[in-house]
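Features reported for this protein in TrEMBL:
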DOMAIN    24-269  domain 'Nodulin-like'
DOMAIN    337-553  domain 'NFD4 C-terminal'
TRANSMEM  25-47  transmembrane segment
TRANSMEM  89-110  transmembrane segment
TRANSMEM  156-178  transmembrane segment
TRANSMEM  184-202  transmembrane segment
TRANSMEM  222-239  transmembrane segment
TRANSMEM  251-269  transmembrane segment
TRANSMEM  337-361  transmembrane segment
TRANSMEM  373-391  transmembrane segment
TRANSMEM  412-431  transmembrane segment
TRANSMEM  437-459  transmembrane segment
TRANSMEM  526-547  transmembrane segment
Amino acid sequence: MATTASGSSGYVCCRFFLQVITGRWFMMFASFLIMACAGATYLFGVYSKDIKSTLGYDQSTLNLMSTFKDLGANVGVLSGLLAEVTPTWFVLLVGALMNFTGYFMIWLAVTKRVATPKVWQMCAYICIGANSQNFANTGSLVTCVKNFPRSRGMMLGLMKGFVGLSGAIFTQIYYAIYGNDSKSLILLIGWFPAAISLVFVYNIRAMKISTHPNETKVLHEYLGIATVLALLIMALTIAQKKVPFSHTAYLFSGVAVCFIMLSPFLIAIREEFYTWRTREQLTAPIRHVDEAPTLPETEMKSEIEYESMETKEASASGCSSIFKPPKRGEDFSILQALFSIDMFLVFLGTFCGLGCSLTAVDNLGQIGESLGYPHQAVSTVVSLLSIWNYFGRVFAGFVSEIILLKYKIPRPLIMSLVFLLAAVGDLLIAFPWPGSVYLASLLLGFSFGAQQTLLFTIVSELFGLKYYATLFNCAQLSSPLGSFVLNVRIVGKLYDKEAWKQLAAKGMARSMVKELTCIGKQCYRLSFSILAATNTFGSIVILVLVLRTRKYYGGDIYKRFRDEIAENEKEMALKSAQEMQMVES
């Protein structure tokens with residue numbers, strides 16, 4: 001009897017352990033870690049100076065490289081289409097390999113371990129490395145949204161919030177490992193995210209959606225942990241600016257950051273234990289009901305309904321129905337969504353808004369240099385932008401969700417206001433005063449983060465979740481296109497024009513200097529005035545979308561998911577009861 005009891009106890013412990021590592025809450029924890037390593041593109045302003053000086057690039061060439069970075073970071077159609085036909089683990093594996101390959105080659109070039117690559121090769125390397133974050137987005141973010149559809153606003157805010165914090169997180173970790181060596185930061189960006197994705201590659205997967213009484217509470221706890229992490233990093237960033245840190249101090253700082261990042265694992269264990277206890281209580285009476293349908297019958301019914309639904313959707317997604325889309329919130333086909341007026345407005349608005357934000361973020365390093373900020377201060381500005389990027393993302397997720405559910409205010413209206421906030425940040429750079437770049441980084445980081453979360457959420461709400469992996473990647477194609485036009489064709493050209501003027505005033509030729517540098521307030525005055533006007537235009541475009549969708553957002557946009565959750569819970573209860581019957585027998 002003792003042996004039987006011991007074996008039964010061991011079996012129960014193994015089952016609980018498997019439930020934890022395969023459950024929704026551990027999946028969410030693993031997704032947050034992956035997303036916390038998926039925003040390394042925001043650190044370009046820190047190490048771009050090394051690329052520029054080591055390889056002898058002028059600003060236009062550096063901006064061309066940053067545009068390919070933005071192109072890779074935002075063109076995620078490949079990852080979206082790949083996710084439609086392959087399992088999630090394969091998507092994450094491909095992303096890990098691309099991340100390591102791209103950034104490792106850049107590190108080899110900057111440290112002179114290989115012959116100096118051509119410009120197009122460097123552009124290809126950074127495009128490949130940056131594109132890997134789309135695979136992390138598609139594998140982790142899309143899966144979490146599908147697993148928690150009723151909390152998608154808060155979930156997207158948290159997920160994108162961790163991406164926004166990743167730049168500041170990487171800064172602390174690279175200080176702890178490598179010290180103040182920005183070239184080694186490139187190496188860290190190459191191997192660390194790839195390693196995290198490989199560790200959790202099998203834990204991220206779509207599951208049947210179900211309700212949980214503590215779901216909102218858990219998301220608020222995650223928000224609290226992430227906010228503590230953001231405030232800690234902000235305090236460390238300010239302290240490191242004011243007081244010289246030893247390598248030991250940097251090491252302790254990095255350990256503290258990692259400890260807080262890993263603390264949500266305890267929440268995952270607690271919630272899975274609660275789920276375990278609740279399921280045991282619910283299935284106890286069901287085990288004694290003879291009339292309960294058998295598992296094969298339940299699965300067969302579910303399979304038949306699923307196949308029927310798939311057939312209907314396939315017939316409705318043909319070319320003949322491209323211009324006859326379903327109601328907003330239902331599952332659009334890819335072509336129905338891409339050819340809709342709503343998607344055009346989203347695309348044009350984010351072309352302006354995200355294009356301007358990416359341009360500002362990519363030029364922060366050179367902006368600080370042109371205004372006489374020391375290198376450490378530039379790193380501080382980039383870290384502060386990353387932190388406020390986080391606050392913008394979680395604000396757009398949590399606060400917009402509350403405003404939507406309580407006051408029925410359309411989410412696109414919040415996006416329109418965020419564009420205007422970014423325009424103010426652009427003007428602070430166009431017409432600077434001492435210390436104004438710090439305030440500008442706050443506004444630009446907050447608005448950039450909010451735009452990212454709002455874009456992903458609006459696409460899921462208007463066009464459904466069936467092809468979400470592809471549609472949100474299509475929607476964010478506007479970002480690199482806007483960045484190319486605004487960054488390379490406008491900001492980079494106008495910067496170089498001012499730099500040439502200063503070089504001519506000194507009576508020097510281009511061949512006499514290693515890099516083309518502009519110093520002074522006039523370097524970015526005209527270009528960022530143009531960005532401010534562009535952001536304002538984008539705000540007006542999104543206001544048109546607000547008018548078109550106000551009736552939809554005034555209704556109950558989550559009703560269909562509540563119905564699906566109820567059906568899934570019945571099926572899960574029956575399945576669990578039959579498993580217990582097998583154990584008892």
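For all residues, glycine too, the Cβ spot is worked out from N, Cα and C.
Long-range neighbours of the transmembrane segment (156-178) within the same chain, counting only residues 6 or more positions beyond its ends whose Cβ lies under 8 Å from a Cβ of the stretch, are 31-32, 35-40, 42-43, 46, 133, 140-141, 144-145, 184-185, 187-189, 192, 219, 222-223, 226, 229-230, 233-234, 236-237, 240, 245, 250-251, 253-255, 257-258, 261, 379, 382-383, 385-387, 389-398, 400-401, 445, 449, 452-453, 456-457, 460. On the 0 to 100 pLDDT scale, the domain 'Nodulin-like' (24-269) averages 88 in this prediction. By the Cβ criterion (distance under 8 Å, sequence gap of 6 or more), the transmembrane segment (251-269) is not counted as touching the transmembrane segment (89-110), fewer than 3 such pairs being found. Between the transmembrane segment (184-202) and the stretches 25-47, 222-239, 337-361, the greatest number of Cβ pairs separated by less than 8 Å involves 25-47. Same-chain residues lying 6 or more positions outside the transmembrane segment (222-239) and placing a CB less than 8 Å from one of its CB atoms are 28, 32, 154, 157-158, 161-162, 165, 168-169, 171-172, 245, 253, 256-257, 260-261, 263-264, 267, 380, 383-384, 387, 390-391, 394, 398. Recorded stretches compared: 89-110, 373-391, 412-431, 526-547; the one with the most Cβ pairs under 8 Å to the transmembrane segment (337-361) is 526-547. Put simply, of 373-391, 437-459, 526-547, the stretch with the most CB pairs closer than 8 A to the transmembrane segment (412-431) is 526-547. Non-local neighbours of the transmembrane segment (437-459) in the same chain are 141, 145, 152-153, 156-157, 160-161, 163-164, 346, 350, 353-354, 357-358, 360-361, 364, 367-368, 371, 373, 380-382, 384-397, 400, 411-412, 414-415, 418-419, 421-422, 424-426, 428-429, 468, 471-472, 475-476; each lies 6+ residues outside the stretch with a CB under 8 Å from one of its CB atoms.
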